[in-house]
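The structure appears right after this line, and notes come after that.
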Amino acid sequence: MKFLVPLYCFLIVSQVTLAQSTYKKTLKLMGSRFDITVIADSQEQANGFINDAVEEIQRIERLISSWDPNSQTSLINSQAGIKPVVVDLELFTLIKRAIGISKLTQGAFDISYASMDKIWHFDGSMTKMPEASTIKQSVSKVGYKNIILDEANHSVFLKLKGMKIGFGAIGKGYAADQAKALLKEKGVQGGIINASGDMNTWGYQTNGKPWQIAITNPLNKDHVFAMLPVDDRAIVTSGNYEKYVKFNNTRYTHIIDPRTGYPSTGVISVSVLAPKAELADALATSIFVMGKDIGLDFVNQLEQIDCIIIDENGTVFYSNNIKPKK
Ligand code: ADP
Ligand code: MG
């Protein structure tokens, strides 16, 4: 009995001193809005964690940016058709994984989409459909099979002159994964990295409950139609309802099929759940290109991957494992 009293006191004290709160900061990184949320003991501690995450994201941006002429990615692009470029192992393996996703999606996802001629404009300025031959010509430099990797010295060679790679559909997901991994390593118990809809969570809320992710319909943004409790998986939403052009009653949206040069049709929003945000990000873009039927079929064949697709009529479709019970 003697021991119980001091032990009890200690428990109370430790509970008070360890009370943690949720801290959030919104920043512009990689040309997009990032919301970083961490659970920490104090504002000061949270600021330190958030700064570490920001530095990590900026480091990745310097590596993969196609805008920064000094990035290793720009160097690869500038040497297209000329010579291989030796890059950091990190960039080399990112490109290798991207090519893996191209193979998995049979070319619906392709980082060499970046060399596509810009013949489609989704700002209301187009008056007629481009000619079929112009559309075909626009993708003549696109093709992941012409990205040549040399494992021995981490070099990347784009075979065709004018070829380019870009990480627009995978980079934010990769940055969100890296920021999460860094903060976990630093002992942050729970948090959310939200890179403009590329969401990565870990741990629990301060009340011990899992984080909840609200899914909205782009046709009615104020209406949340699903609240998903998230596990350790990432959830990424791709979709820009405003960016489209309409010809002959067909609505063409801003994500273009890199194999044909035609914009995707039928789908207005895709959310993907996957173990990593990088994969979820790339698959969300791919499913746009595949369309609803092939996209659902594709996801239903993959382990640990789920998706929610919204078509142009606002109808919501779920992959088999997350179908809400009727
Ligand atoms: P967002 O991040 O805008 O929600 P996505 O994740 O779908 O949208 O990424 C769209 C970006 O991905 C485009 O702006 C372009 O840079 C790039 N992209 C478009 N189509 C493809 C494709 N088929 N394969 C790889 N990258 C693509
Ligand atoms: Mg994407």
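Cβ coordinates are placed from backbone N, Cα and C, and glycine is handled just like the others.
According to TrEMBL, the features are:
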type	residues	note
SIGNAL	1-19	signal peptide
BINDING	Ala169, Asp281, Thr285	Mg(2+) binding site
Secondary structure of Ala169 (Mg(2+) binding site) (DSSP, helix/strand/coil): coil
Count of other CB atoms lying within 10 Å of the CB belonging to Ala169 (Mg(2+) binding site): 24
Cβ-based isolation winner (fewest other Cβ atoms within 10 Å) among the binding-site residues Asp281, Thr285: Thr285
Mapped DSSP class for Thr285 (Mg(2+) binding site), helix or strand or coil: helix
Beyond the site residues Ala169, Asp281, Thr285: chain residues whose C-beta lies within 8 Å of the centroid, for Mg(2+): Phe109, Gly168, Ile170, Gly173, Val236, Ser238, Ala282, Leu283, Ala284, Ser286
